[in-house]
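Structure, as structure tokens:
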Amino acid sequence: MISILGAGAFGTALAVALAAKGPVTLWGRRIDWQGENPRLPGVALPDAITVTDDLNAALKAGTILLALPAQKLGAFLDDHAARLDGKCQVSTAKGIDLQRLTGPSTLIARACPRATVAVLTGPSFAADIARGLPTALTLACAEASAAEALQQRLSAPVLRLYRTTDVQGAELGGALKNVVAIAAGTVIGAGLGDSARAAIITRGFAEMTRLAAHLGARPETLTGLSGLGDLTLTCTSDQSRNFRFGAALGAGRPFDTATTVEGAATARALVRLAARDGLDLPIAAMVARLAEGEVSVEKAMDHLLRRPLKEE
Ligand SMILES: NC(=O)c1ccc[n+]([C@@H]2O[C@H](COP(=O)([O-])OP(=O)(O)OC[C@H]3O[C@@H](n4cnc5c(N)ncnc54)[C@H](O)[C@@H]3O)[C@@H](O)[C@H]2O)c1
Ligand SMILES: O=P(O)(O)OC[C@H](O)CO
């Protein structure tokens, strides 16, 4: 049995895709809707999905997908660690915890030392998955045999999973691309043009790979679906909330604060990580200051453009 914890857009979309293979339980802390999740409008839920706010019922499953926002995951795991430990837990969150400066897999491993820890990530909009459009993702688990079993269990007719044992690389790609997507959105929102966006994507990718290598990720993971693949999607599509948040910043427009924008808190986490480890992450630093309203778009761009000239 599979349970998905977190009945937001992504948890619901995964439930729809996996319901093609068998029963799925979708848990949310407050289910105040019926039939159609307002976070995923226009999507009817198949009968194979049981929607519940009963966590005990959801935790009867052996495989648990965690579809909570990255900044909420640590506290959730702390609260429910005793019941979650020993289970196979697959995180779909794309962010770095601001307080603990780690990704979801480390949060799970620390809270639940006996759990099998995996990450499901890669270029995928919830709405695309729920509409049955083809999507390819990365399933990462350090134990090769568990990775293979999960790849089989979580692949679905239009959900094609590739596997890796590089958990760190896979989850860093997903977290860091959100920061670059805010920067790319800012460039477009400010009317700086597609050439500038290509520059920020490329230099952002250089920053991603530098940091990922420092934290022990394999370079080839960053060039795969979970890194370059997701970076490309998120920096070029209006469907992305991170991109739209950046576009609003660039254009000086307000943005709905209830929207999940993982890159904003992750940029702040990266600033702290950079200070801790003596790293230079200029794009993340710029995004953190922009998102906090500490610097104008003009000043931020000027600061990036005036950095000392160097080899590529
Ligand atoms: N939406 C996408 O297209 C997409 C795609 C891939 C990955 N993701 C990732 O999935 C994660 C979730 O994103 P989403 O799009 O589903 O967000 P969302 O804003 O649609 O939903 C988040 C859900 O988490 C719930 N939640 C928040 N705090 C909680 C807590 N403490 N306990 C229980 N539930 C809690 C909210 O009630 C909400 O239902 C993010 O890390 C995101 O980056 C999203
Ligand atoms: O809407 P975003 O910016 O959170 O992006 C959603 C997914 O991460 C895209 O792969």
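Heads up, residue numbers simply count up from 1 along the chain you see.
Cβ from N, Cα, C; glycine included.
No curator has checked TrEMBL annotations; they are predicted automatically.
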Binding-site annotation, TrEMBL, sn-glycerol 3-phosphate: partner of Lys94, Gly122, Ser124, Asp230, Ser240, Arg241, Asn242 in Lys60, Lys177, Lys299, Lys310: Lys177
NADPH site partner of Arg29, Arg30, Lys94, Ala126, Arg241, Val261, Glu262 (as recorded in TrEMBL), chosen from Phe10, Phe76: Phe10
Those recorded positions listed as Arg29, Arg30, Lys94, Lys177, Arg241, and which of them has the most Cβ atoms within 10 Å of its own Cβ: Lys177
Entries of Arg30, Ser124, Ala126, Asp230, Arg241, Asn242 (binding-site residues) sitting next to ligand 2, with Cβ under 6 Å as the cut-off: Ser124, Asp230, Arg241, Asn242
Candidate nearest Arg29 (NADPH binding site) in space, where candidates are the recorded positions Lys177, Asp230, Ser240 and distance is Cα-Cα: Ser240
Filtered binding-site residues, from Phe10, Arg29, Asp230, whose Cβ is under 6 Å from an atom of ligand 1: Phe10, Arg29
Which listed residue (Ala126, Asn242) has most other Cβ within 10 Å, given these are binding-site residues: Asn242
